[in-house]
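Student: Just passing along the structure, written as structure tokens.
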Amino acid sequence: MSKRYAVVLAAGQGTRMKSKLYKVLHPVCGKPMVEHVVDQISTLDVDKVVTIVGHGAEKVQEHLAGKSEFVKQEEQLGTAHAVLQAKPELAGKDGVTLVVCGDTPLIEASTMEALLKYHHEKRAKATILTTVIEDPTGYGRIIRDDLGIVEKIVEHKDATEKEQRISEINTGTYCFDNKALFEALENVSNDNVQGEYYLPDVIKILKDLDEVVAAYRMESFEESLGVNDRIALAEASKLMQRRINDNHMRNGVTLVNPENTYIDIDVKIGQDTVIEPGVMLRGNTVIGDDCVISSGSEIANSVIGERVHVRNSSIFESKVGDDVQIGPYAHLRPESDIHNHVKIGNYVETKKAIVGEGTKLPHFIYMGDAEIGKNVNVGCGSIAVNYDGKNKAKTIIGDDVFVGCNSNLIAPVKVGDRAFIAAGSTITKDVPEDALGIARAKQENKMDYAKRLNHGK
């Protein structure tokens with residue numbers, strides 16, 4: 001089999017995006033669009049991927065590190081000029097080269113594989129990936145002869161009235177014989193209104209040499225959708241989201257309302273888990289089997305065990321064990337580690353906290369920089385006071401501890417196993433095992449005092 005190469009065009013600034021972020025780095029369902037393209041290419045049997053970078057080169061290289069080689073296009077002088085920058089990496093090599101735009105995040109590996117196969121079957125020097133759309137305005141048209149053989153690509157502005165009625169368009173993805181490509185690129189002219197070197201001109205050059213030029217027509221236009229502005233970005237995200245959600249449902253996940261559920265592309269969800277409307281699952285989140293993620297929940301870069309119920313809560317960069325109840329309105333901040341059979345109730349916040357098996361944090365609690373043992377019950381309104389204005393300190397609570405309501409644990413402090421903290425206490429010293437910690441003023445009732453004040457009258 002011939003060697004395979006790929007060139008990804010990612011040098012454009014994307015002025016129509018009106019953004020400080022370079023165009024190809026705009027995310028589609030949690031991943032920069034150029035990374036979608038390169039990841040799909042990487043599943044093919046490709047010997048080398050070369051990404052042409054320009055604007056934002058360092059950022060693009062950072063995102064694609066280890067996935068591609070890079071060549072910089074110092075001046076953006078057109079698509080043919082961009083591909084020509086890969087000459088030091090690819091020129092003279094036997095094989096075929098895919099050319100794909102980095103702003104087409106919906107392109108699939110199966111389509112590119114079919115293009116490569118068709119190119120080989122037709123023994124072509126160039127094969128154009130085409131599709132048919134109802135309104136081809138603005139796209140280059142594929143001109144064929146009476147036998148269906150490709151004659152040329154005509155840009156919309158240069159097309160005759162008859163040619164403009166053609167609905168088969170150039171998607172901007174190509175497969176070339178590698179040597180023929182770089183030989184033809186040397187002959188591309190910039191004699192046009194824009195003064196740029198256009199890749200479709202390679203097709204004309206090869207046709208003039210009587211080389212075979214083919215066109216592989218794919219069924220779906222959406223794969224070729226190029227993102228040039230925020231409207232197209234939203235459309236690409238919507239189409240990608242539908243693809244992601246459909247895949248999860250095929251794999252045994254219930255999405256109660258798929259159109260109102262956001263799931264990033266790298267999220268993994270176990271079978272028989274139910275995702276209710278209004279949920280956002282981001283980053284590298286992993287959710288186990290038989291979970292329920294209720295409406296209004298957001299989970300990012302976290303690992304959720306099995307049989308977990310999350311009610312209208314936020315979980316970020318945390319780990320949750322099996323059979324855990326969370327929410328409503330809980331907030332698990334980064335580095336929270338919630339063990340099995342834990343209850344995290346309403347308006348509970350954790351941060352850099354380990355919560356041991358069977359422990360209950362029922363409501364209105366803050367545990368930051370804390371290590372909590374097994375079977376602990378923390379009463380309403382209790383706080384691990386971890387910050388003195390300059391430094392963070394740690395609170396350690398042993399197993400089988402009871403912390404009464406409205407207790408303040410002033411870190412650094414340690415509460416031993418089976419200890420009891422009286423409600424309303426402000427604990428500043430360690431509490432030994434099996435001890436009662438109580439730190440509050442003795443109640444004193446001043447008889448008739450309120451009567452003398454006459455309740456402020």
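Each residue, glycine too, has its Cβ placed from N, Cα and C.
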Student: Arg440, Arg452: which one does Swiss-Prot list with Asn386, Tyr387, Ala423 for the acetyl-CoA site?
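Tutor: Answer per Swiss-Prot: Arg440.
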Student: Can you figure out which of Asp103, Asn228, Asn386, Ala423 (the binding-site residues) comes closest in space to Tyr366 (UDP-N-acetyl-alpha-D-glucosamine binding site), comparing Cα atoms?
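Tutor: When the Cα distances are compared, Asn386 comes out closest.
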Student: Among the binding-site residues Tyr366, Tyr387, which residue has the largest number of other Cβ atoms within 10 Å of its own Cβ?
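Tutor: Max Cβ neighbours within 10 Å, all protein chains included: Tyr366.
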Student: List every residue in the same chain as Leu9 (UDP-N-acetyl-alpha-D-glucosamine binding site), at least 6 positions away in sequence, whose Cβ is under 8 Å from its Cβ.
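Tutor: Expected: Ile52, Thr79, Ala82, Val83, Val99, Val100, Cys101, Gly102.
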Student: Measuring CA to CA, name the entry from the binding-site residues Gly140, Asn228, Asn386, Arg440 that ends up nearest His363 (active site, proton acceptor).
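Tutor: Of the binding-site residues Gly140, Asn228, Asn386, Arg440, Asn386 has its Cα closest to that of His363 (active site, proton acceptor).
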Student: So of Asn170, Asn228, Asn386, which of the binding-site residues has the fewest other Cβ atoms within 10 Å around its own Cβ?
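Tutor: Output over binding-site residues Asn170, Asn228, Asn386: least Cβ neighbours within 10 Å is Asn228.
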Student: Please average pLDDT over the region 'Pyrophosphorylase' (1-230) for the predicted structure.
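Tutor: Summarising the region 'Pyrophosphorylase' (1-230) by its mean pLDDT gives 94.
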Student: Between C-alpha atoms, which of these binding-site residues comes nearest to Asn170 (UDP-N-acetyl-alpha-D-glucosamine binding site): Asn228, Asn386, Ala423?
Tutor: Asn228
